[in-house]
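Database features (TrEMBL):
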- 51, 52, 53, 94, 203, 254, 255: substrate binding site (BINDING)
- 164: site 'Transition state stabilizer' (SITE)
- 244: active site, proton donor (ACT_SITE)
Ligand code: MRU
C-alpha cells in the first residue's frame, strides 16, 4: 500500500482484517495478502511475507488481536488461557527479532490490565495493536531525524551504505536505517545510497533498492563482497544498518553479513551506525552471545530462483543473523537520541 508520495505502508488494518504487502514477491509483483486469523499471521511471519523486526512486531500485535477475536467464550479465565495459546503460536514464528516478543508482551499486558468483559478486552487489544503501529511510524521519523544529526558534517552531500532492508517495508513505515537515508535525502544532504544485495534472500536488492526507486532516492546496488572495495575507493562516508535485537552491552544482531560490513568499515575508519527503536533493545541479555540466531532452510543457499547452484552431497549452514560487537559501532540511533553502544542504559525506560 503506497501513499500519494509513494511512501510504503506494509501493514494496513482494514475492514476487520490485516492487509500485508507480500514482500516475497517484490520487486516483480506488488501484491497484497489478506490476513483474517492468527494462524495466517503466523504463517505470513514465518514465510517472510512480512519481515523486518519492527514490522513483525506490529504484525504479531494484530495477530494477537485476530486470535483474541476468534476466542468464543465470555469467561475471562478461559479467554486468558486461550490467549496464551495464541501468544505461543506467534512466539514460535521467528526467534531473533525481539520486537515480536515485545509486542506480544505488550498485548498481553493490555489484556490483563483491562477491567471489563471479554468483549471489552478484545476491543482494548485492537486499540493497543493500532497504537503499536502508529508509535512505530512516529518512532521511525524520529530515528530518521536524529540519525541525520549524527552523520558526519563533511562532505556536504553524503554517500551512505546500508545492508538488508531496514526500510518502510520492515517497519510501520519510513524505516529505521532507511529512515535515516530518507531524512538525509529530504534535507538535501544525500548524494547516494549504496545498497548491499544481502545474500541469501536478497532483501537489499529486492526491497531496499525498490523502496529507493519508489521515492527517487539515488541508489546503487552492489553485491555484498563489493562493500570493502567501495570503502577502499572512498565511495562511502558512513554506514547505517538496522537491528533485530540489541543486547544491554550494545552488541547488535542484524541480517547475516552485517558483521563483515562493520569490520571493513572499522578498517577504513568509516563510522558504522545502528538505527533501531527502543523496542529492539533487550536489556535482559547481557551480551550478543545470548541472542538466539534463527537458522533457515538450506534452499535459501542452494537455490537462486528455481536454479540449484551446487552439486548434490554438499552440506549447508544458514544462519539468518549475525552479531556485530559493540566496539565496531559508532552510535546507536534511537527515537530518544544517538548514544554510544556502551551507554544504552542511559535510555532505559
Ligand atoms: O530476515 P529479515 O528480512 O526479517 O531481516 C531483517 C533485518 O535484518 C533488518 O535489518 C532488521 O530487522 C531491522 S528492520 C528495521
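Keep in mind that glycine also has a Cβ here, set from the backbone N, Cα and C atoms.
Predicted automatically and left uncurated, TrEMBL annotations should be read as such.
Excluding 51, 52, 53, 94, 203, 254, 255 themselves, the residues of that chain whose CB lies within 8 A of the CB mean position for the substrate site are, in sequence, 56, 97, 164, 165, 166, 170, 242, 244, 320, 321. Neighbour list (residue 53 (substrate binding site), Cβ cut-off 8 Å, at least 6 residues apart, same chain): 97, 98, 99, 100, 170, 242, 243, 244, 245, 276, 280. Filtering 51, 94, 164, 203, 255 by Cβ distance to ligand 1 (under 6 A) retains the following recorded positions: 51, 164, 203, 255. Put simply, 203 is the one of the binding-site residues 52, 203, 254 whose Cα lies nearest to the Cα of residue 164 (site 'Transition state stabilizer'). Burial estimate for the recorded positions (51, 164, 203, 244, 254): highest at 244, by number of other CB atoms within 10 Å.
In the three-state DSSP classification, residue 51 (substrate binding site) falls within coil. Cβ crowding, taken as the number of other Cβ atoms within 10 Å, peaks at 52 among the binding-site residues 52, 94, 255.
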